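Peer 1: In case it's useful when we look at the structure, here is the feature table from TrEMBL:
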| type | residues | note |
| --- | --- | --- |
| TRANSMEM | B:6-27 | transmembrane segment |
| TRANSMEM | B:98-117 | transmembrane segment |
| TRANSMEM | B:148-167 | transmembrane segment |
| DOMAIN | B:239-282 | domain 'CSC1/OSCA1-like cytosolic' |
| DOMAIN | B:295-557 | domain 'CSC1/OSCA1-like 7TM region' |
| TRANSMEM | B:296-320 | transmembrane segment |
| TRANSMEM | B:340-368 | transmembrane segment |
| TRANSMEM | B:484-516 | transmembrane segment |
| TRANSMEM | B:537-558 | transmembrane segment |
| TRANSMEM | B:564-583 | transmembrane segment |
| REGION | B:627-648 | region 'Disordered' |
Protein chains: 2
Amino acid sequence: MIVSALLTSVGINFAICVLYFTFYSILRKQPSYNHVYIPRLVAEGKTKKGNGDFHLDRLLPSTGWVRRAWQLSEDDLLSSTGLDAVVFMRIFTFSVKVFTVAGVIGICILLPINYFGTQIKASDFADIPNKSLDLFSIANVNDGSRRLWVHFCVVYFITAFVCYLLFIEYKYISSKRIAYFHASKPQPQQFTVLVRGVPVSRLGKFSESIGIFFTEYHPSTYLSHTVINTPSRIQSLIEQPAAFVSFKTRYGAAVASDMRQSDNPTEWVTEQAPEPRDVYWPFFSPSFMQRWISRLVVIVLSIVLTVLFLIPVVFVQGLTNLDKLKTLLPFLKGILNITFVSQVITGYLPSLILTLFLKIVPPIMMLFSSMQGFSSYSEIEKSACSKVLIFTVWNIFFANVLSGSAFNQLDTFLEPKNIPMKLAAVVPAQASFFIAYVVTNGWTSLSSEIFRVVPLLSTSLKNCVGSHDDEAPSLPFHSEIPRILFFGLLGLTYVFLAPLILPFLLAYFCVGYIIYRNQLLDVYEPRYETGGRLWPTVHNSTIFSLLLLQTIAIGMFGLKKLPVASTLIVPLLIFTLLFNEYCRKRFLPIFKSYSTESLVKKDRENQNDPTMPEFLEKLATAYRDPALKPNQESAGNHDHRTPLLSSA
Amino acid sequence: MIVSALLTSVGINFAICVLYFTFYSILRKQPSYNHVYIPRLVAEGKTKKGNGDFHLDRLLPSTGWVRRAWQLSEDDLLSSTGLDAVVFMRIFTFSVKVFTVAGVIGICILLPINYFGTQIKASDFADIPNKSLDLFSIANVNDGSRRLWVHFCVVYFITAFVCYLLFIEYKYISSKRIAYFHASKPQPQQFTVLVRGVPVSRLGKFSESIGIFFTEYHPSTYLSHTVINTPSRIQSLIEQPAAFVSFKTRYGAAVASDMRQSDNPTEWVTEQAPEPRDVYWPFFSPSFMQRWISRLVVIVLSIVLTVLFLIPVVFVQGLTNLDKLKTLLPFLKGILNITFVSQVITGYLPSLILTLFLKIVPPIMMLFSSMQGFSSYSEIEKSACSKVLIFTVWNIFFANVLSGSAFNQLDTFLEPKNIPMKLAAVVPAQASFFIAYVVTNGWTSLSSEIFRVVPLLSTSLKNCVGSHDDEAPSLPFHSEIPRILFFGLLGLTYVFLAPLILPFLLAYFCVGYIIYRNQLLDVYEPRYETGGRLWPTVHNSTIFSLLLLQTIAIGMFGLKKLPVASTLIVPLLIFTLLFNEYCRKRFLPIFKSYSTESLVKKDRENQNDPTMPEFLEKLATAYRDPALKPNQESAGNHDHRTPLLSSA
């Protein structure tokens, strides 16, 4: 791709963004679109329904929403949207910090060095628009040049800087998570565990045997339990129920969920209960074996999906290599020779098609995760998030990189020792594609995020019919986080290869910061609160990006005939792995469970709270399948709840 | 190696064994050698000292000890030697079962098929002694022959049979472990946790802050604690002590060791306390960071040792390829051409040298493991056991296999997809070496185990001087288990390649069964009791052997031009991995900690036991560094034990 093609793509997308933002700022002020642009406020009853009074400034674009989103403090965000949303926004602030520093280094130091190299051809200042973008990448630096040591230093500096920031962030979010727990009111999930694998008793009465078991082994803390009955045919086939067991203290519940209950590790399996609103009721309470097998099946399915997805990826890559296409479809030659058409096709179309294909992946991964036997939406979404992330990195990064230049060599790619060299040979060649991808997929995703095309159309339709539901949607973490993290991976990987990508990424993260803050306030209502459990995914993904950067650096310095630099990257790679291992030990346990210290302190706080007895009484009915509630009383045989509290 | 060379080696070793056993049965009856052959009985005072009366049958060899070892029931063994010894003996019974079945199949079915193949040369019945052992291996089966499907079926059958036995054993030993716990008397380690990473308090008084912490967060179960003070310079440099904290109930201690205590996961780190006699006192109570770094250092050291050890291995392999040696050292040609000398050198010497070199590895690995910050001998020995096992498999199996035929190709070996083919090409070629290794190393190790050469010499010396200590040694699990498991690996790997190895292995396991039972009764006194925690190592090692067998089978059927069989082994490999994963979930947790069910039941039992108050009182002094005891009272500043029980 040449500079002018890139500029075309940037121009188109910039125009689309401006257009969307303008329309948004007008439509947002129309009360008839409240269900599209401020559904959260509508659901919370914070806005008037109806058309309201008409003012002229309702038709003029404005920037008030930008100022409001910018000025909002983190504490306000926390109180109005929860810790998960705050942690989500920390991905943006973290990325902005990283790519501001990386961008300054990349544009001010690396870009000139690359441009003044002579590996590709002697360069001059004239006719920049027709120059290949490769001139701005490391490919243009002469082999064995001493200037490559600058690139080497940048790899070291960026790794150290990112690790430092990662540590600070992990520490900060850990402390936020603990503070959040300490500030929380008594909540059912803190006092409850989910029990699965209840063994079949002689009498066949599960509810009784659950009561007997917990009265026997947790006499001082056991409170009550609710057997989960999914009145479906599948349930009746399985003959093994789950139950929510409530305890008198948080610590009691935590002990019951942390300790192995039964001599047989596949029976009486306990885990922390999710929030009542977060429970994924159709989870069928399968047995240990069934859950295990379904997990394996889901892994196989995910692999199949990943393999099948290579087909559109290969097709899309055909578009960036126009010459191939001309040979393949000669009748298109006339059209493809028109400059504008070819620029649109090489610069815009490939990533657009990819974007559309990628839209269907998150729902599929959600479906897969829901088959794994998770008991809550949050776990399903977290698992889907990881799946989508791996899928994205593999199918967008690796498949593109390989299909563009070395797809037939996939076989030789499987040899571990060749990976750095191969990556170094093929990754820089895809720089221009990924710049276009950032501009197209990234920028467009932001503008469509704020403009909300699909809800806009459906609401327009409903406006005609006249029916509305007042429910606000929740932020789809599983599709948004992988996309944002993937841009982070692109940035870190290309930071020393093709620094031209960095300003576009920085723009993405800055605008994204404003837009998602705005959406969290106006549009999305949290469906659950995990207390920032998504951060370890972000951390791991960033570590992976660093390792990828270093692996490519090892290969690149080898290719550029600077083997000493290549060898000297290895200690950095080992340092990164050790750093990650340290963080895993230092911070990860905080995101798994709360400590004795926190739990006991919190229990002490509530010891003399006069509202506690009432809360504990309500616990017994906190976990009820909403599908069962209407006919619960009549269908008495479904109601296995123990109505009485056990003796203290 | 030809058949006669093998027979020479078998003959030499058989003679040595018979000689040793004869001498043993005589010397055993001499009271002056009681300290060599029945030190355990001496230590327990079950035998008379002095020379006793003289009878003629004291000078005649006898087999009474064999009968006694054979007739002993498992319950008797359990009561006199503990569960670890029982589990150790289960390795032999397990192996005997496996190799009886494998041996029958191998000798009756595979051996004739191999011998009547014509791949190496047309075979007849005459002159067997001068035939190469390769004629009895799969190498002699014709390429693409239908008879290879018999080998294929054997791979499937052996895998299924071994997995079945593994499951039965794991289940049996799990139940034994639980039963052992239920039958046990109150023991200090059941009521105690080891706490490390006590944060520096403002006052700098660790003992007080430990007391405050556990009184605060475990008010109803905390009993007392003992700060560990190693009065060494290293200790004073570190400024961070550990402590043994005792609880009133087993469940209280288990909860404290299972739950994360502090918000900072690197502080107040708890683990189950070892038995008082099992504590490794010089463990320096290092900080979290120090333990982590020393673990990394130990890993690096182990890798270095493994690499350096290749030198003797390569030298030894030179001996089996006599022609190479003749070219290298031409002046030896005359001697080497003598049949007997060459047979000794190819058949006996290589494994003897290897055996001697291998002797030094277990002590080194023990040293390494002791640097990892483990708090008990049992953990150090378990860790050393795994290290020695990995070392043995890598350096004896892989290094021999590679150095014999493909050592220069180590580089290409690193390509994962080539591994099956390479292994299949080189492993069968080493069959005769490993047969000799079983006969030499295995059989000799058994005879020297029973004859106890080193203690015999040292006691003879002491007999002159006249001084004896009455301490019985403990069984060195870390050197014995890897050797036994390695023979299991050899057997499983060669079961379908060269079944000739199986009778020799079976003989090893049968004789080993008698000898180790005898030694456990007479010689070794258990130094600790882990309740059979070594079994998972045995299980994992066997699973690895199965996977190796299958990997080689995939390559072998490929080499033998039966690609369909090659492909059909893959599902078996996946099945084995899944089976292992299932066992990991089903049984492994039982070997990590006891369940709430067991703990609470056991606590209830002792609730009304009148001896409990006395036991709990003794708990406070159960954990004392023996090095400190003599001057404990005088050096009061070292004694940070809280003498008073905390309030309930």
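All positions are counted from 1 along the displayed chain.
Cβ from N, Cα, C; glycine included.
All annotation found in TrEMBL is predicted automatically rather than curated by experts.
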Peer 1: Compare B:6-27, B:98-117, B:296-320, B:537-558, B:564-583 by their Cβ pairs under 8 Å to the transmembrane segment (B:484-516) and return the stretch that comes out on top.
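Peer 2: Against the transmembrane segment (B:484-516), the leading stretch is B:98-117.
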Peer 1: Look at every Cβ pair spanning the transmembrane segment (B:340-368) and the transmembrane segment (B:296-320), keep those 6 or more apart in sequence, and say whether at least 3 of them are under 8 Å.
Peer 2: yes
Peer 1: Restricting to the same chain and to residues at least six past its boundaries, which positions have a Cβ under 8 Å from a Cβ of the transmembrane segment (B:564-583)?
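Peer 2: Result: 148-149, 152, 155-156, 159, 163, 166-167, 170, 539-540, 543, 546-547, 550-551, 553-555, 557-558.
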Peer 1: With DSSP helix as H/G/I and strand as E/B, how many residues of the domain 'CSC1/OSCA1-like cytosolic' (B:239-282) fall in helix, strand and coil?
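Peer 2: Counts, helix then strand then coil: 14 helix, 11 strand, 19 coil.
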Peer 1: Can you give the mean pLDDT for the domain 'CSC1/OSCA1-like cytosolic' (B:239-282), rounded to a whole number?
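Peer 2: Here the mean pLDDT over the domain 'CSC1/OSCA1-like cytosolic' (B:239-282) amounts to 91.
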